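Just below is one structure, and these are the notes that go with it.
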Amino acid sequence: MYNWPFPISLTMIHMSFCASLAFLLIKVFKVVEPVSMSRDLYLSSVVPIGALYSLSLWLSNSAYIYLSVSFIQMLKALMPVAVYSIGVLFKKEGYKNDTMVNMLSISFGVAIAAYGEAKFDTWGVILQLGAVAFEATRLVMIQILLTSKGITLNPITSLYYVAPCCFVFLLVPWVFVEYPVLKETSSFHFDFVVFGTNSICAFALNLAVFLLVGKTSALTMNVAGVVKDWLLIAFSWSVIKDTVTPINLFGYGLAFLGVAYYNHSKLQALKAKEAQKKTAQADEEGGRLLEEREGEGSGK
């Protein structure tokens, strides 16, 4: 709509805004407590995560130049497939035949949606799939590098540590890819209203995730994400006038059922784990009381 196809520049604006706002919230207003982190831990954990995040954002924003909003949301349904596959590769997830069948059903649904896409662009699909792969790797790396060390970053502290790192990683390709073009485009002027509201939306998304997960659970966020995808598809069809074909909807419907089943399975596994933990705690408490009673009896 604005004919400004510079995804690296846009992502850098987002990262600089989010980093500045996160700094104010943590250091000035002290809304969130900072996480204690050594230099070695930052270099070994946060820097690789920041590199993956910058690649994910760069490729995903670039895909919007070539693909419709609705089709991009359909391709994002492959995220559970990528996360599970990379988790199995790094031995953070156990291989299960029924889970793999579920992943294949999601992939099959997305493939049907891609077959029915009216404005299919191969390069755009490659960019979006690359973004999904980098984002899935980032999520697994967070589990390996940070969670395993007992460090948990909420979206605000995550932006505080990761956003500056992303900005630096994006600066390198920006100098060679987009800066020469922007320098020659003398007609360009920075619109503070457009870019400001855009950056506020980027930060508000992270804040909303923080509040949602804090009040409910990560599973609720996943369900809300599925609803968001359907709303975006409806919005792109009705407002932006993207072409959404019946085959698109049928394929995404299959993928949606696969994602819903995956979330349901994760919820059941989480409930079973919590129940097992409570049972173990009850048994431990019962054993401790029994020992105390036996001790009192022998004392008498």
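From the backbone N, Cα and C atoms, a Cβ is placed for every residue, glycine too.
What TrEMBL says about this one:
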type	residues	note
DOMAIN	4-263	domain 'Sugar phosphate transporter'
TRANSMEM	6-29	transmembrane segment
TRANSMEM	41-59	transmembrane segment
TRANSMEM	65-87	transmembrane segment
TRANSMEM	99-116	transmembrane segment
TRANSMEM	122-146	transmembrane segment
TRANSMEM	158-176	transmembrane segment
TRANSMEM	188-212	transmembrane segment
TRANSMEM	219-240	transmembrane segment
TRANSMEM	246-263	transmembrane segment
REGION	278-300	region 'Disordered'
Discussion item. Counting only residues 6 or more past its boundaries, what in the same chain has a CB within less than 8 Å of a CB in the transmembrane segment (6-29)?
Written reply: 54, 57-58, 61-62, 64-65, 156-157, 159-160, 163-164, 166-167, 170-171, 173-174, 177-178, 181-182, 195, 198-200, 202-203, 206
Worksheet item: Under a Cβ pair cut-off of under 8 Å, which of the recorded stretches 41-59, 99-116, 188-212, 219-240, 246-263 contacts the transmembrane segment (122-146) most often?
Response: 41-59
Item to complete: Considering only the recorded stretches 41-59, 65-87, 99-116, 188-212, 246-263, state which has the highest number of Cβ pairs under 8 Å to the transmembrane segment (158-176).
Response: 41-59
Practice prompt. Please work out which recorded stretch in 188-212, 219-240, 246-263 has the most C-beta pairs separated by under 8 angstroms from the transmembrane segment (99-116)?
Written response: 246-263
Worksheet item: Do any residues of this chain, six or more beyond the ends of the transmembrane segment (246-263), have a C-beta under 8 angstroms from a C-beta of it, and if so which?
Response: 70-71, 74, 77-78, 80, 99, 102-103, 105-118, 219, 222-223, 226, 229-230, 233
Practice prompt. May I ask whether the transmembrane segment (65-87) has at least three C-beta pairs under 8 Å with the transmembrane segment (219-240), counting pairs 6 or more apart in sequence?
Written response: yes
Worksheet, complete the sentence: Given the transmembrane segment (65-87), its same-chain partners at Cβ distance under 8 Å and 6+ residues beyond its ends are 5, 7, 93, 99, 103, 106-107, 109-110, 113-114, 117, 119-121, 123-125, 127-129, 132-133, 135-137, 139-140, 143, 229, 232-233, 235-237, 240, 242-244, 248, 251-252, 255-256, 258-259, 262
Response to the item:
On the domain 'Sugar phosphate transporter' (4-263), the mean of the pLDDT values is 89
